[in-house]
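Below is the structure I would like to discuss, written out as structure tokens.
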Amino acid sequence: MNKVVLLCRPGFEKECAAEITDKAGQREIFGFARVKENAGYVIYECYQPDDGDKLIRELPFSSLIFARQWFVVGELLQHLPPEDRITPIVGMLQGVVEKGGELRVEVADTNESKELLKFCRKFTVPLRAALRDAGVLANYETPKRPVVHVFFIAPGCCYTGYSYSSNNSPFYMGIPRLKFPADAPSRSTLKLEEAFHVFIPADEWDERLANGMWAVDLGACPGGWTYQLVKRNMWVYSVDNGPMAQSLMDTGQVTWLREDGFKFRPTCSNISWMVCDMVEKPAKVAALMAQWLVNGWCRETIFNLKLPMKKRYEEVSHNLAYIQAQLDEHGINAQIQARQLYHDREEVTVHVRRIWAAVGGRRDER
């Protein structure tokens, strides 16, 4: 199995292809990407027969920006007979996966696939039973075994394969299913909520998103991101010349500072989180974020980088490299992750966590 399917946001196939080609090449896993515009997925075909498995084992999924999910697959199954689609799929997976922990029957996230998605949900139950009978799936779901993927690209046409549960997205189609809170000031609140799900392990939420923490929201108006911090019982400095939603001010947890987010400088040293969703050139935002991290003004940050029309992967890579270089220059060890989230549009979301600093300054987490 030498092909890897990568699910992505429709319209960003070229960026996804450029990224996987670059990062696979860095690990000497060479191949080429098959791209169809607005398809919502990319296929990276490796030159060596076992390199698909090697790629999804060795390249950290968390290092990918534009992929929502990935899995290794074999050849395309076509013209599945409507009276028995199950037998050919089981046949393709026997000998490839043994005692898998979960089945996901998926499609790309496109308007054209919505009808197909309804079929996939109905088809999952009988297919799961057949795969269990054949030993492809274990008799119970477990996160400790590979995930079996059946990916339909059209009626009667699918790829079959697997991913490793320790190196994939835990979400169906790579999309966290979040509900918009009725009392949130704007839909942008879902970006930050999704970022928490993607970047912070669930078993660390109580420690890293704790009650009573202090946070700063730069460019906060009307308060979509502040809402997520308030919901977690944090105290928030919301920085923006524009007004905040009265519902947030009424909580007593928000201090509204009428300032430019690029000029604001914190006066206290107990800030755990800084979040930022300002519409500005990505290089300018990256420079501001690096300044906050280098000066130890916050412990963790989540921010958005708005993407240009062209060379998006190159632009994001350049901005992340700049932040990394600034941290290295000042002896700061940090963890950097970036992802184009489901709720992002022409942007990517970045998470940086300071681990420790080799020079004097604020007390870091470890």
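Note: Cβ is positioned from N, Cα and C throughout, glycine not excepted.
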Quick one: which of Asp203, Asp206, Asp240, Asp250 does Swiss-Prot put in the S-adenosyl-L-methionine site with Ser188, Cys221, Pro222, Gly223, Gly224, Asp260, Asp277?
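So the S-adenosyl-L-methionine site in Swiss-Prot includes Ser188, Cys221, Pro222, Gly223, Gly224, Asp260, Asp277 plus, from the candidates Asp203, Asp206, Asp240, Asp250, Asp240.
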Calculate the distance in Å between the alpha carbons (Cα) of Cys221 (S-adenosyl-L-methionine binding site) and Lys306 (active site, proton acceptor), and round it to a whole number.
17
I need the CA-to-CA distance for Asp277 (S-adenosyl-L-methionine binding site) versus Lys306 (active site, proton acceptor), whole Å please.
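Counting only the Cα atoms, the answer is 9 Å.
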Which of Pro222, Gly223, Gly224 (the binding-site residues) has the most other Cβ atoms within 10 Å?
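The largest 10 Å Cβ neighbour count belongs to Gly223.
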State the three-class DSSP label for Gly224 (S-adenosyl-L-methionine binding site), counting H, G and I as helix, E and B as strand, and everything else as coil.
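Where Gly224 (S-adenosyl-L-methionine binding site) sits, the three-state DSSP reduction gives helix.
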Using all protein chains in view, find how many other C-beta atoms are within 10 Å of the C-beta of Asp277 (S-adenosyl-L-methionine binding site).
22
